[in-house]
């Protein structure tokens, strides 16, 4: 079901997004360097709790962590473990926040200062893809299929590929709502983007080919079959307005 939000609901969603923006500011490399993913997960949980909100991924479909922490070869859905985040690493932090029964869902990638330049470029391109899509959105004209086509075209400009079975979605009243927003075009389903929809746009890029598997050790972490490459994921919540789109998590 697609939820068209009213002004009060939009404000509640923005309130949740404010907590996310504070996390992005606080959780930089220097703040979490040389800590384990489990420690970072707990730090995030504490931060969210201090703002009278909940980390809503915990228990969702059986997820045992509180946030998705995707280190290096994990592109999405990383489950916190004892691995240490160092200066040579990429870490994507995907956060679901519930505040007063409204939700924010967004993800950002932190790069250590000694990360490979290829990983740095991939992260920049993945993040910039969202900005390019948001600029192109025309309410009551653009569709979710357009977003998928534009995402894959943008990735291919740099020789990258997109994940095929995961993507963005509606959000706000529930953590995951319709419509599904794939990272590629499909004729199977396409929804018009209309005012007062809130969606999550989340490009997930592979540096090379997009074959993947789910790590059997934790049954969550999505990783590339081809290990000789880098991967990256970014996500922003976007409000569709009357004449344009607005990023709520920036």
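Just so you know, glycine gets a Cβ as well, placed from its N, Cα and C.
With 94, 105 listed by Swiss-Prot as binding divalent metal cation 1, the candidate from 191, 207, 235 annotated for that site turns out to be 235. Take the divalent metal cation 2 site that Swiss-Prot assigns to 105, 169, 235: the candidate from 9, 39, 202 listed for it is 202.
Among the binding-site residues 94, 105, 169, 202, the ones whose Cα sits within 10 Å of the Cα of residue 77 (substrate binding site) are 94. Taking all protein chains in view, 21 other C-beta atoms sit within 10 angstroms of the C-beta of residue 94 (divalent metal cation 1 binding site). DSSP assigns residue 94 (divalent metal cation 1 binding site) to a strand in the three-state reduction. Apart from 105, 169, 202, 235, the divalent metal cation 2 site neighbourhood in this chain, defined by C-beta within 8 angstroms of the site C-beta centre, holds 94, 106, 107, 168, 171, 200, 201, 236, 237.
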